[in-house]
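K.L.:
Structure below; questions to follow.
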Ligand SMILES: Cc1cn([C@H]2C[C@H](O)[C@@H](COP(=O)(O)OP(=O)(O)OP(=O)(O)O)O2)c(=O)[nH]c1=O
């Protein structure tokens, strides 16, 4: 088990209840701050460039919402995407047709789920929050789906679960019925790879002590 320096607050800059629950599961004390950024990919942007840019921009956005009452803290940001064998990125589906287009490519096949995590050391000087130091990683998990039928897709969409999930499914929810196998980190698929996040927290907390 890691032991964290309790004098430095940990802030999860995320609106995802899954990420909060995962940190709670391994007893990392933290508070949450909501950040909002434009998650549209740039033209010709690769999956790795996109996901790195997302966690970096979420950390920059967090600088604007950190509380004045503290002088230093550690901020966790994360972003999860699905990636098809041809490199195509699967985000949250826009609508049912978009979800079906993704699911047809995932049916009876394997895709990957990538989560990027950035842990940033922030300090407030002269009333301004600044990033002093950051470490980042990207974790990949292989996920194999069963063959999906049109009626399975229609039924799942109407449960409301796929709408806010990358790739349009939740392995921790009803979507588990579609997952034949995974190879790699389970928590990474849910939205925060715990082993790697604990490792980054440990590194960033030890630096600059
Ligand atoms: C593949 C998969 C994704 N997801 C979720 C994790 C993420 O919350 C979401 C991907 O969207 P993200 O943009 O990574 O995260 P978010 O918008 O939910 O939260 P924030 O940006 O504020 O941190 O998909 C699951 O919950 N289960 C799964 O099996």
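Any Cβ shown, glycine's included, is placed from N, Cα and C.
TrEMBL: automatically predicted annotations, no manual curation.
I grabbed these lines from TrEMBL:
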ACT_SITE  79  active site, proton acceptor
SITE      18  site 'Important for substrate specificity'
SITE      80  site 'Important for substrate specificity'
SITE      172  site 'Important for substrate specificity'
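How buried are these features, and what lies next to them?
P.N.:
Sequence-distant neighbours of residue 79 (active site, proton acceptor): residues of the same chain at least 6 apart with a C-beta under 8 Å from its C-beta are 39, 51, 54, 55, 58, 115, 116.
Classification of residue 18 (site 'Important for substrate specificity') by DSSP places it within a helix.
Around residue 80 (site 'Important for substrate specificity'), the same-chain residues six or more apart in sequence whose CB sits under 8 Å from its CB are 113, 114, 115, 166, 188, 189, 191, listed in sequence order.
Of all Cβ atoms in the shown protein chains, 17 besides its own fall within 10 Å of the Cβ of residue 172 (site 'Important for substrate specificity').
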K.L.:
Provide the number of Cβ atoms within 10 Å of the Cβ of residue 18 (site 'Important for substrate specificity'), excluding the reference atom itself.
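P.N.:
20, counting other Cβ atoms within 10 Å of residue 18 (site 'Important for substrate specificity').
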K.L.:
For the C-alpha pair, I'd like the distance in angstrom between residue 172 (site 'Important for substrate specificity') and residue 18 (site 'Important for substrate specificity'), rounded off.
P.N.:
9
K.L.:
Any idea what DSSP makes of residue 172 (site 'Important for substrate specificity'), helix, strand or coil?
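P.N.:
Going by the DSSP assignment, residue 172 (site 'Important for substrate specificity') belongs to neither helix nor strand, so it counts as coil.
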